[in-house]
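Below is one structure, written out as structure tokens; the observations come after it.
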Amino acid sequence: MEKIIVRGGNQLNGTVKVEGAKNAVLPVITASILASEGESIITDVPNLADVYTINEVLRNMNANVHFENNTINVDATKPLKTEAPFEYVRKMRASVLVLGPLLARYGHAKVAMPGGCAIGSRPIDLHLKGFEAMGAKVHVGNGFVEVEAEGRLHGAKIYLDMPSVGATENIVMAAALAEGKTIIENCAKEPEIVDLANFLNKMGARVIGAGTETIRIEGVEKLHGTEHGIIPDRVEAGTFMVAAAITGGNVFIENAETEHLRSVISKLQEMDVTVLEEDNGIRVIGPDKLKSTDIKTLPHPGFPTDMQSQMMSLMLSAYGTSVITETVFENRFMHVEEFRRMNAKMKIEGRSVIIEGPSDLQGAEVAASDLRAAAALILAGLRAEGFTRVTELKHLDRGYVDFAGKLAALGADIERVDENGDVVNPFVQVDKQNESIIAELS
Ligand SMILES: CC(=O)N[C@H]1[C@@H](OP(=O)(O)OP(=O)(O)OC[C@H]2O[C@@H](n3ccc(=O)[nH]c3=O)[C@H](O)[C@@H]2O)O[C@H](CO)[C@@H](O)[C@@H]1O
Ligand SMILES: C=C(OP(=O)(O)O)C(=O)O
């Protein structure tokens with residue numbers, strides 16, 4: 001089992017470059033199968049396990065997918081199989097994002113029903129209600145969800161009970177090829193939704209209003225391949241902002257998009273962290289003494305749940321009482337117990353965590369429960385006394401490209417070792433093309 005071993009105490013300095021966004025590239029890749037003509041060329045693609053998984057899902061459906069040098073070419077012009085088995089959905093819930101495109105293009109899609117995960121139960125009822133409103137029939141049984149439509153889907157007016165990112169994406173993709181106009185109200189406003197809409201519009205779709213709470217889609221008869229560059233990963237950027245702040249360092253985060261990070265920047269500033277908006281990135285300078293603050297996670301433009309655990313690391317080192325309230329996922333506090341193993345002083349009260357800072361953090365062996373928890377434990381390790389060993393790195397590899405290598409380049413005392421204790425820095429993931437990587441990652 002691989003581990004990341006970090007010894008706390010080093011200040012981080014220098015420049016780190018942010019990759020393309022995981023949460024933008026996954027729906028863009030699934031949207032590429034809407035193209036019945038031409039190839040899609042997707043650039044600035046991060047080298048992540050989740051990208052390999054979604055590539056495998058598409059290959060399994062008979063699409064040609066080639067991933068090299070951060071560029072993916074997808075040719076989905078051959079007839080596709082309309083199923084995604086459990087082995088993929090089990091690895092990555094975002095596999096459900098093939099439902100909308102397949103349903104719209106073929107009138108059928110069957111995908112293993114995603115279960116909950118370490119952060120919550122994560123149902124897909126809003127995705128399915130949207131498809132039903134557009135004329136599809138939904139059957140759930142034997143561990144699968146199957147959606148079917150006779151002829152083309154039709155446009156509909158859909159109100160989402162909550163602004164679900166995945167439901168908004170799936171419904172927008174389905175509506176792109178539906179007959180007539182679809183209006184989605186109370187939809188998600190995340191930057192990744194805007195990126196998806198931009199990609200779809202380059203494919204010939206007519207999507208307006210992405211980034212606001214109402215999206216209007218005028219369905220078209222067919223879509224074609226196109227070229228598209230993925231937006232920078234705001235969560236990876238935010239994670240390195242915390243790394244700079246927690247070590248009292250000075251780090252330029254190249255490619256970080258200020259407009260996508262307003263809520264994170266404002267909380268860091270409340271904690272006395274200096275955040276400078278520079279050309280093509282953000283500079284973060286940590287203070288001698290961090291101040292406590294409170295955060296509440298919310299849909300965008302509120303504070304992102306995907307930055308909650310990293311901020312928790314930072315608050316552990318802040319002076320005073322901080323409170324984190326998680327409103328997006330009902331169970332995203334599994335990292336709290338692991339922080340306690342590092343001598344953190346904190347308690348869970350309902351949907352909030354109360355942190356009495358600063359904790360005198362000590363290195364320990366800790367296990368990641370999800371990808372952001374993995375990053376957060378490593379961040380705490382940068383500050384803790386002695387060695388922190390973080391296991392369950394399969395989570396980290398879903399969402400961070402060579403995280404240990406990037407931190408080491410900034411001056412952290414960190415290495416990734418395999419089960420024999422041999423160093424595996426720099427850690428490079430490999431897309432094994434048509435070989436299934438799924439077994440290897442489990
Ligand atoms: C691949 C990807 O982009 N993942 C992101 C996406 O996940 P994902 O798209 O799964 O998250 P959603 O926005 O859908 O989920 C938000 C909340 O809505 C609930 N819900 C969602 C759909 C539904 O049909 N019914 C329902 O009740 C969920 O259980 C959760 O409590 O947005 C989350 C919220 O910003 C992020 O943390 C994830 O990193
Ligand atoms: C929760 C996350 O991703 P996913 O929705 O893919 O599990 C995340 O990126 O933090």
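Cβ coordinates are placed from backbone N, Cα and C, and glycine is handled just like the others.
Curation does not apply to TrEMBL; its annotations are automatic.
Here TrEMBL flags 6-407 as domain 'Enolpyruvate transferase'.
According to TrEMBL, the phosphoenolpyruvate binding site annotation covers Lys22, Asn23. In three-state terms derived from DSSP, Asn23 (phosphoenolpyruvate binding site) belongs to a helical segment.
For Val328 (UDP-N-acetyl-alpha-D-glucosamine binding site), the count of additional Cβ atoms within 10 Å of its Cβ stands at 21 [all protein chains shown]. Under the heading UDP-N-acetyl-alpha-D-glucosamine binding site, TrEMBL lists Arg93, Arg122, Pro123, Ile124, Asp125, Leu126, Asp306, Val328.
Following the DSSP three-state reduction, the secondary structure of Cys117 (2-(S-cysteinyl)pyruvic acid O-phosphothioketal) is strand. What TrEMBL records for Cys117 is 2-(S-cysteinyl)pyruvic acid O-phosphothioketal.
Using a 10 Å Cβ-Cβ cutoff, Cys117 (2-(S-cysteinyl)pyruvic acid O-phosphothioketal) registers 16 neighbours. Look at TrEMBL and you will find Cys117 tagged as active site, proton donor.
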For each of Lys22, Arg93, Arg122, count the other CB atoms within 10 A of its CB; which of these binding-site residues has the top count?
Lys22
Between Pro123 (UDP-N-acetyl-alpha-D-glucosamine binding site) and Lys22 (phosphoenolpyruvate binding site), how far is it from one CA atom to the other, in Å?
21
If the criterion is a C-beta within less than 6 angstroms of any ligand 2 atom, which of the binding-site residues Arg122, Pro123, Ile124, Asp306 pass it? List them in sequence order.
Asp306
Please average pLDDT over the domain 'Enolpyruvate transferase' (6-407) for the predicted structure.
97
